[in-house]
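*Asks:* Can you read through this structure? Questions will come right after.
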Amino acid sequence: MDYKHFKGKHANIVIEIISLLEKGVKKAQEILEKPDAGSYTKLENSSGDTPIKADLALDKFLEENFLSLENIKSVFSEEKETPVTKENGSYLIAYDPLDGSSVMEANFLVGTIIGVYEKDYKAQNLVASLYVVFGHKIELVVALEEVYRYAFYQNKFHFIETIVLENKGKIIASGGNQKDFSLGLKKALEGFFAENYRLRYSGSMVADVHHVLIKKGGMFSYPQKKLRKLFEVFPLALIIEKAKGEAFYFDKGVKKRLLEQSVESYHEKSECYLASPHEAQILEKYLKGE
């Protein structure tokens, strides 16, 4: 892989993680392709969810590999109660080993989300984000100074493009239970669809956000506090912001940046809106004051 795009203080650790992922893709594929990979276990993770077999197998594989990196001090999986910490190192990794696992049996797109933190697990300390999506092809998206997209081919990640969102998109990925949506959100969504926006929601956050990115705009929304800040929300928020979009939530009707949220507990959850500037502006108009 050509690493010419990665510059600055945190470039080296990102390159190390990508190199590790590049070498581990085939093993990850093997885990996902097993006939019983989508079968539910009898366990319960720290968030109260029941993981599938592929969740746990990928988690074990990734944890071992991340801990092998000299400059990684702490590794924290969504599947674990607390981080695994080493004596040395400068960076911390929080990751969701298999986002979208609930739709894997339907053969939908799933992926691994990775946030790279410095010093402590806080939004303000997030220095880079990555995700890998597994489908009929495998792609990697990385956010450092900008957002870069790669495709896996012949055992290597090959650069496709630098992703920059346009001011306005045409797709909406609206997750959550619609009967619980606020009146403002319902009106905003009705307005988008009246303007011929297309609904593109799969139940896999990483897949839906990836769709918004490769289409160069639109909106992903999940108004209920279900998504985990450290493992899903913050890493994908950074990617959207670096792609010139907006990542936000509403606090008593006031729009605020997701990456300015505090973290009171490791598995704390949040509502989440990731959007192009136009969609963010429209949503704020409808939800302001709610």
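Along the chain as shown, the residues are counted starting at 1.
For all residues, glycine too, the Cβ spot is worked out from N, Cα and C.
Copying in the features that Swiss-Prot gives for the protein in this structure:
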type: BINDING; residues: Glu78, Asp96, Leu98; note: Mg(2+) 1 binding site
type: BINDING; residues: Asp96, Asp99, Glu232; note: Mg(2+) 2 binding site
type: BINDING; residues: Asp99, Gly100, Ser101, Ser102, Tyr201, Lys226; note: substrate binding site
*Asks:* Using the Cβ center of Glu78, Asp96, Leu98 as the Mg(2+) 1 site position, which other residues in that chain lie within 8 Å, going by their Cβ?
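*Replies:* Other same-chain residues with Cβ inside the cutoff are Asp55, Asp59, Ser77, Glu79, Tyr95, Pro97, Asp99, Ser101, Thr112, Ile113, Phe231, Glu232.
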*Asks:* Cα distance, Ser102 (substrate binding site) to Asp96 (Mg(2+) 1 binding site), nearest Å?
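*Replies:* Spelling it out, the Cα of Asp96 (Mg(2+) 1 binding site) and the Cα of Ser102 (substrate binding site) are 13 Å apart.
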*Asks:* Can you give me the same-chain residues 6 or more apart in sequence from Leu98 (Mg(2+) 1 binding site) with a CB-CB distance under 8 Å?
*Replies:* Ile52, Ala54, Asp55, Leu58, Asp59, Met104, Val110, Gly111, Thr112
*Asks:* Of Glu78, Asp99, Glu232, which is closest to Tyr201 (substrate binding site) if I measure between C-alpha atoms? They're all binding-site residues.
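*Replies:* Closest candidate to Tyr201 (substrate binding site), judged by Cα separation, is Asp99.
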*Asks:* What is the interatomic distance between the Cα atoms of Glu78 (Mg(2+) 1 binding site) and Ser102 (substrate binding site), given in whole Å?
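*Replies:* If we compare the Cα positions of Glu78 (Mg(2+) 1 binding site) and Ser102 (substrate binding site), the gap is 15 Å.
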*Asks:* Reduced to three states, what secondary structure does DSSP give Gly100 (substrate binding site)?
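*Replies:* The three-state answer is coil.
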*Asks:* Determine which residues of this chain, when Asp96, Asp99, Glu232 are set aside, have a Cβ within 8 Å of the centroid of the Mg(2+) 2 site's Cβ atoms, and list them as they appear in the sequence.
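*Replies:* Along the chain, the qualifying residues are Glu78, Tyr95, Leu98, Gly100, Gly111, Thr112, Ile113, Met205, Val206, Leu227, Arg228, Phe231, Pro235, Leu236.
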*Asks:* If you count Cβ atoms within 10 Å of the Cβ of Asp96 (Mg(2+) 1 binding site), leaving out that atom itself, what do you get?
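*Replies:* Other Cβ atoms within 10 Å of Asp96 (Mg(2+) 1 binding site): 29.
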*Asks:* What residue among the binding-site residues Ser101, Ser102 has the most other CB atoms lying within 10 A of its CB?
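*Replies:* That would be Ser101, with the highest Cβ count within 10 Å.
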*Asks:* Give the sequence-ordered list of residues that share a chain with Glu232 (Mg(2+) 2 binding site), lie 6 or more positions from it, and have CB atoms under 8 Å from its CB.
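*Replies:* Correct list: Glu78, Asp96, Asp99, Ile113, Met205, Cys272.
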*Asks:* If you skip the near sequence neighbours and keep only those at least six away, which residues in the chain come within under 8 angstroms of Lys226 (substrate binding site), Cβ to Cβ?
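*Replies:* Correct list: Gly176, Lys269.
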*Asks:* Relative to the Cβ position of Tyr201 (substrate binding site), how many further Cβ atoms are located within 10 Å?
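*Replies:* So the number of other Cβ atoms within 10 Å of Tyr201 (substrate binding site) is 18.
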